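Novice: Supplied in C-alpha cells, the structure appears directly below.
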Amino acid sequence: MKERLQQLEKEALEKVKQVTSLKDLQDVRVSYLGKKGPITEVLRGMGKLSKEERPVIGELANKVRQTITDAIDERKAVIEEEEMERQMEEETIDVTLPGRPVRVGGPHLLTSIVEEIEDLFIGMGFEVREGPEVETDYYNFEALNLPKGHPARDMQDSFYITEELLMRTHTSPVQARTMNQYQGSKSVKMICPGKVYRRDTDDATHSHQFTQIEGLYVDKNVRLSDLKGVLNRFAKQLFGEDREIRLRPSFFPFTEPSVEMDISCKMCHGDGCSVCKQSGWIEILGAGLVHPRVLKMAGYDPEVYSGFAFGMGPERIAMLKYGVDDIRHFYTNDIRFLKQYHQA
Amino acid sequence: MFVSLNWLKQYIDIDHIDPEDLAEQISKTGIEVDGIEHFASATNNVVVGYVESCEQHPNADKLNLCQVNVGDETLQIICGAPNVAQGQKVAVAKPGAVLPGNFKIKKAKLRGVESNGMICSLQELGVDEKYVPKAFSEGIFVFPDEVEVGDDVNQLLNLDDVIFEFDLTPNRSDALSMLGVAYEVAAILDVDVHLPQTNVSTTAEKAEDKVSVRVDAPQQNPYYGAFLVKDISIGPSPLWMRNYLMAAGIRPINNVVDITNYVLLEYGQPLHAFDYDQFGSDQVVVRLANEGETMVTLDEQERSLAPHHLVITNGDKPHALAGVMGGADAEVTDQTKTVLIEAAYFDPKTVRQASSDFDLKSESSARFEKGVDPNRVRQAGERACQLLEQYAGATVLDGVAEFDQLDKQEKTVTIWTSTINDRLGTNMTNQEVADILRKLHFHFHQEGETFNVFVPTRRQDIHIFEDMLEEVARIYGYDEIPFTLPQGGSQAGGLTRRQQLKRYIKRFLEGAGLMETVTYSLTNEERINHFISPEIQSEVVSAVPLKMPMSEDHSTLRLSLVPEMLQVISYNLARKQGQLAYYEMGSVFLSHEGEVTKQPAEKERVTGVFTGEWVSHPWQQEKKLVDFFVVKGIVDALFYSLNISVTYKQTKMDGMHPGRTAQLFVNHRPIGFIGQVHPKQEKAYDLNETYVFDLDLDYLLDIHHNAPSFNQIPRNPSVTRDIALVVDQSVHAGDLEHTILTAGGELINDVHVFDVYQGEHLEEGKKSIAFSIHYQDPNRTLTDEEVESSYQAIMDAVKEKHQAVLRG
Ligand SMILES: [Zn+2]
C-alpha cells in the first residue's frame, strides 16, 4: 500500500508537470484527488490494515494528497500567469492611434488680458468696478471736467443716443459714479474694465468698439511718485522684469498734471528700432493726478484728498504683447485666431 | 505744427545740439515730437550759376544749350526747362553732385552735344511739389538777383533744414507759434529768447486819419487793430521767408500774403490783409451778422450768415467772416497799392462755431479757436508792418486805429514748495523751484517757500495750482521723480462674489468645450428683432437706436447676443471652419419707453451658439453632430454646478425652430431659452443646423448663494425601481417626471429617463418612457413597504394625470 501511494504521488506529479491548461489541470485534480480517485480508494482499503499500520498509511496518504494539491496549486498559478500574459498579448493596441477628442474651449484673448491686469491690480489692493455702457453726458463728460462746448470733446467723437445719453467713450464715468456715491467719505482704490465706443471707422488700428481699463486711487496724500511706483510694478509684471517705464507730459481734461507712460522697447532695449519708431520707447497708457475740479464735483475736498488715475487699452496691450497686427481680429472671432491664445 | 530748426535758430541758440537729442528732450518735457524730417538732402555740389547765354540746341527743338558761370568756371549745360533764359541766376548741380533719390550728376552727351551738369528745379532738389511756388512749378527755380554766383544752394534754399513735427495736445496752443516753441525749448535748454524787432520808420500820416474802427460786439471781438500800409509793390517775398514758409508747409504766394502768413506762424496771431482801395469806406465796423445776410468768401462761395456769426464790414457790407475767411471783394491782388492789416482778438467759441458751421478749417481759425495771446495781437500787426516796409517797399502809416477792451493782465497763481513736494513725492528746494520758473521765463515774487507766479498771457492753459504743478514737474523732469508705493491704509482688493461667479461660469463653459467670443454691442436694425428671449421680449418697449450711426450694421443696441454670434458662425463657416461652439457674456439694452429719454436697462446675458460635429472620433466610428440635447446637457451641467434647479418647457419664439425650442424657468421665473435656429434664419445667415442657448446671467448671479452645508454621505443602500409607462405622444417626459417626484414622496432622491421607445408592439400615437427611480434615506435602511407604497402612489398619479399605463 505504501508503494502504491508513492507510485501515485510520482505519477501525479509527473502529470501535473506536463499539464498546460487549467482545464487539464482540473482533470488531474479530479482524477487523483476526487472522491472516486485512487487516493480515496487507497484510504477506503485501510480497513484491511493492522492497527499499527493504519495511522502510518493514513499519514502517508494525507501527505501524498497534500503534495499533489500543492503541486497542482503551484502549477495553476503558473498557468494562470501564462494565460494572462497570452491574453494581454492579444489585447495589445496601437497606442499611436488618436485619442477620443475632448472639446477644449477657452477665453477670448481680451478676457485673458483683462483678467491678468485685474489680478495684478487686485494684488495691489484695488477693487474691480463696473458701470453702464450707455452713459449720461454728465458722467461721461461733465463730471470729468469736460463741460459742454469744451474743445477736448472733439478728441473723442461719440455715438449719441439723445442729447443727454451716449455710448460711453471711456470707462472713467465708473470712477465718477463711485466717487459720487461715496461723496468724499472714504478712499477709493479701483479699476474699471469695460467696453467703450467711439465714432471711428473700423480699420487695422481703429475700432468703433474697444476695451478700456481705467484705474483710480483717491486718498489723503496720494503722490505722483505713487503713480510711478504702481505703474512700474504693473509694467514689470505684465511685460517682464527687464522693462523700464518713463512718464512724459500729456493732456487729459480730468487729470492735472497729465502724463503718458512708455515702456522700454522689448526689441531693442531702448536703442531704437522699427517697432518703437527709433525712440526706444513704446506708449502704453495715459495717467495723471486727478483734476481738483473732478474731485470737487464728486464731493471730495481737493485740499484733503488727492489721487491718481490711469487708463489703458487692452487691445493695444495684447497687440504689443502678442504681436497681433490688426485690431479687427479681436472682433471677427475667427476660430483660428481665438485658438492661438487659449492655452495656458 | 511743423517747426523748422533753422527758423527756430533766429530766436534761440540751438546750434550745438543734435536734432535727434533735442527732439527727445522736447518729447520728454512737454510736446511730443512725432517726426523728424530732414528737409531735403542735396550735396554741396549744387551752387548758384549765372546763365551767360542760352541758345537752342542744334539738334533738338525743346532743348537749350546754356553757358553757365558757376564762379570758378563756366559750364556748358543742356537744359529742357521752358523757363530757362539768359541772365537768370539758377541752381546748378555740377558733375559729381548727388540729388535726392540718389540721382548722380555726370558729364553726358545729349544729341551729340556735351552737357556738364544740370540746372535744377525745386522738385529736383527735394522740395515737395505742394510747396513749390506756382511760378516755378513747371520749370527750373530762378533766384532773386541779390544772390552771389557760386554760393551754396543748400543754405540759400534752406535745404539743410531739419523739420520737427509736433503732435500738440489741445492745451498747448502756445506752441502754435515759433515764439511759443522758442520759449518752450528755451526752458528745456535754459537759454535766452531773442524777440523779433517791430520798429518802423515814422511818417506824419496817421492810420487813424484814414480809417476808423467801431466794434458793435465787444464780447465777440474785444480787440480790433487796423494798420495801414501804402505804396506797396506786390512781388515775391524774400528768399529766406519763402524758405521758412515752405519748411512750415505753406506755399509762398506774394510778399503781402507771405508776410501775414509768416507773422501768423511767428507770433501765433492770425492777420488779415484787405485791399484798402476796395474796402468801400474808411470805417471798419465789426458786428454780428444780420438774419438772412450773405457774403461771398475768398473761395467764391456765397455764404448765408446767421446772427451768431461775427463779420468785418465797411459799415455796410461784410468783407470777412471774422477769424475764418476773408471776402472776395477786398482781396489783395497784384494791383493792390494800400493794405489794411487787421490784427484782432476774436472770441474762441464764436470762431469755432463759424468754422464748424461752414466747415472751414484754416491755420487762422485753428489759432483763434484756442485763444490767441492778448499781448501779441498788436505786436503781430506791428511786426507785419515792419516786414512790409522792409520787403514790399511800403510806407507804414503811423499808429493804429483800434478798439480795445481786451484783458491783457497776467494771471497770478500761488505755489508752495512743500505742496509741490507733497503732490509729486519729491524733495525740491525753494531754489530749485525758483530756477524752474526762471527757465520758463515766468515772473514771480518769492517769499520763503511761497511763490506768486505771474503767468505770461502766452500760456492760456495755466489757471490753477495744479497747472503750475505740471509746469514745475515737467521742467524738473518726470525721470527725477522717485518710485514709491501708496502709503494709505492697506485695503484688501479683490473681486466681488458676482465677479468671481462670472469668472467661474466662463471657466465652466470653456471646460465644456466652448470658445469665448467678443462681438459688437451695436448691431443691424433688421437683425435686432429675432432671438429675443421671452422674458426680455415681455419687458422691452423699444430698442435703443443711435442718433447718427456710422453704418447700418452698427446702428442699434442689441436685444440679444445671438444675431452677432450667428454672424461669427457664418464668418467661420465661410472659412471652412465647421466645428464651432462659442459662448459670450455681455449686455443687452432695453428701453422701457417708446422714445428713449432715460438710460436703458442693461441686462447681462450668457449666450452660446453651436454647429457642426460635437464628437468627431472617426476611427472608432464615433461621430456626433450637435443637437438639442448636447446643448441641453451643457446647460444642465452649468445649472447643476451652480446648484440652481431649472425646468424646461416647449415654446415657440421668433427666429427659433417651433418644435425644437424650450424656455427655461428657475423658481417659476422665465430665465432664457435653448433650441435650434429656425431653418429660415439658418438660410438667411448661411448656416447649417445651429443651436443656441441664451440665459439671464443677472438673475443667476442674483439668486446664487454659496454651497449648502455638509450633507452626510449615505451609509445605507439605495433602492431602485424601474417603470416603463406607455403614454400619448404628446405627453412630455418632464411632466411625467414632475408627477413622479410629487407623488412619490420625500424618499425619492433621483428620477431619470433611461429609455424612450415608440414603434412596433405599441399602439399608434403612443410611446413608452422608462424611468429609473432611486429611493434613499440618509439615516436608515428603507423598508419594502415604504418603497411599495410610494410606487403605488406614483402609479395612481401617472394614471390619473397622464393616462399612463404600465408597459406589459
Ligand atoms: Zn525698439
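In case you wondered, yes, glycine gets a Cβ from its N, Cα and C as well.
Because TrEMBL annotations are produced automatically, they should be read as predictions rather than curated entries.
Copied straight from TrEMBL:
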BINDING   B:D461, B:D467, B:E470, B:E471  Mg(2+) binding site
DOMAIN    B:40-154  domain 'TRNA-binding'
DOMAIN    B:408-483  domain 'B5'
DOMAIN    B:714-807  domain 'FDX-ACB'
Novice: Go ahead and report the DSSP secondary structure tallies for the domain 'FDX-ACB' (B:714-807): helix first, then strand, then coil.
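Specialist: Summed by class, the stretch gives 31 helix, 32 strand, 31 coil.
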Novice: For B:D461 (Mg(2+) binding site), list the number of other Cβ atoms lying within 10 Å of its Cβ atom.
Specialist: 19
Novice: Looking only at the domain 'B5' (B:408-483), report the model's average pLDDT.
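Specialist: Mean pLDDT for the domain 'B5' (B:408-483): 96.
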Novice: In sequence order, which residues at least six apart in the same chain have a CB under 8 Å from the CB of B:E471 (Mg(2+) binding site)?
Specialist: B:I436, B:L440, B:F442, B:I462
Novice: Compile a sequence-ordered list of residues in the same chain as B:E470 (Mg(2+) binding site), six or more apart from it, whose Cβ lies below 8 A from its Cβ; state 'none' when nothing qualifies.
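Specialist: Non-local contacts for B:E470 (Mg(2+) binding site): none found.
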Novice: Under a three-state reading of DSSP, tell me whether B:E471 (Mg(2+) binding site) is helix, strand or coil.
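Specialist: Note: B:E471 (Mg(2+) binding site) is helical by DSSP.
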Novice: For B:D467 (Mg(2+) binding site), what is the tally of other C-beta atoms lying within 10 angstroms of its C-beta?
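Specialist: Here the count is 19.
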Novice: With DSSP, how much of the domain 'B5' (B:408-483) is helix, how much strand and how much coil, in residues?
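Specialist: Residue counts in helix, strand and coil order: 33 helix, 17 strand, 26 coil.
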Novice: Mind checking how the domain 'TRNA-binding' (B:40-154) divides into helix, strand and coil residues in DSSP?
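Specialist: Its residues fall into 8 helix, 42 strand, 65 coil.
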